[in-house]
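Record features (Swiss-Prot):
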- 1-19: signal peptide (SIGNAL)
- 20-421: topological domain 'Lumenal' (TOPO_DOM)
- Asn75: N-linked glycosylation site (CARBOHYD)
- Asn124: N-linked glycosylation site (CARBOHYD)
- Asn193: N-linked glycosylation site (CARBOHYD)
- Asn229: N-linked glycosylation site (CARBOHYD)
- Asn254: N-linked glycosylation site (CARBOHYD)
- Asn257: N-linked glycosylation site (CARBOHYD)
- Asn356: N-linked glycosylation site (CARBOHYD)
- 422-442: transmembrane segment (TRANSMEM)
Amino acid sequence: MRYLSFFFEFFFLFSFAFAFDFDVTSDDSINSALTTVTDGMLNYYQSTSHTFTAYWWMTGAGLNSMTDTYAATGNTTHLDMLISALVANKGDNNDYAPNSEKFDLGNDDQGIWGLSAMSAAEVNMTTGDSSASFTELAQAVFNEIMSRWDTSSCGGGVRWQIYSFNNGYSYKNSISNGILFQLAARLARYTNNDTYVDLAQKVWDWSTTVGFVDLDDYTVYDGASVTSNCSSITNEQWSYNVGVYLAGTAFLYNYTNGSSVWQTHMEGLMNKALDYYFTSDKIIYEPSCEPTESCNSDQTAFKGMLARFLGYTMQLAPYTVETILPYIQSSAEAAALACSGGSDGVTCGYMWYWNNGTWDDHYGLGEQISAVETFQALLAQQSATILTLDTGASSESNPDAGTDDGDTVTITPATKSDKGWAGFLTFAFSFVFLLFSIWLYF
């Protein structure tokens, strides 16, 4: 098996440099590129489990990219598979906390799926399941994460992880809180319910007060530990963090009919994103890992999410197209050149600015997601309207979704006893796994 694996890797990595012709001004060319890179992404899909072969949150992100593509092109080729996967992963309680993932689940993981469900609702996709609509699935995710708002440290905010025995429980981060903010903004607009605006404002005020979002220049930092009461902010910056807040402000700008407050925040985040996460040639990249070629399998998808959120911004605030679109066009041109690897000649790498736009020998689901999201963002002006219940959406709302299943997690600070048991269980499971591995080896 090891020899077979070696030869498979060798064959896959060998590039014939086929690439594909691409014209950012041609809808036909963009649609063709989307078909190519989506097919490459689906090479990682397992129909039996309805997941991609990656971390579970990336299945949610990948499915969202397919929903975005459906909205942009109207292509229904993969629509049945897309809906089936979104429904299959929702869990018994209709909250994207399935038993298979529950004890590894972070607020960001569950939230990514909530965004995917919200995207499905906004393009009028239906679950075909009477137990919950896509809107209800998004509301359940929102309500459960909101119920974990933790005032025992940092004056509020939600933690990265849900359970105290998971690494990262003592960390509050921008992506978890930014997703909560964006979901509130989207639900406000979709349902025409100002209660969600108030909740979005609550998350925004906390994020800016604690310093995750710096209103001086709209830098969005990764997060902080509760052990310092969030007084020591992590300086790392990731593209999806600024993107998730940007899209939230764009939805609120649109919902409030051009509020100058949300316009100011939207423009600040937009300008920060374009200035920091694009090269001088206007090519999107991840400055925290791409220059050192150290991006992990999660991080390769981050810039694709930023491209998605920039696309939403162009749809919701059309005057931003003149500013944003040239960056998306340059990035898409670079991506087309960089999607020239593998045995098929069209596998995508992640460093699109690298070596005159040739393949960088990297491949994976994240690379494909980023290419899909960047190509579809080119079609933001032609994409289907982001619907609401007042403009033709039919996905039913249930503000109480996720609050009555008896399984909502309420976070309380871990006691010494909790931490002790968590440490013991971690050791015990590790020891059993080690013994099992030794048994398999011999």
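Just so it is clear, glycine is given a Cβ too, placed from its N, Cα and C backbone atoms.
Annotated features, which come from Swiss-Prot, shown on the structure.
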residue	record	contacts (Cβ under 8 Å, 6+ apart)
Asn75	N-linked glycosylation site	Asn31, Leu34, Thr35, Thr69
Asn124	N-linked glycosylation site	Leu387, Gly392, Ala393, Ser394, Ser395
Asn193	N-linked glycosylation site	Leu187, Pro399
Asn229	N-linked glycosylation site	Ser153, Cys154
Asn254	N-linked glycosylation site	Arg189, Leu316, Ala317
Asn257	N-linked glycosylation site	none
Asn356	N-linked glycosylation site	Leu337
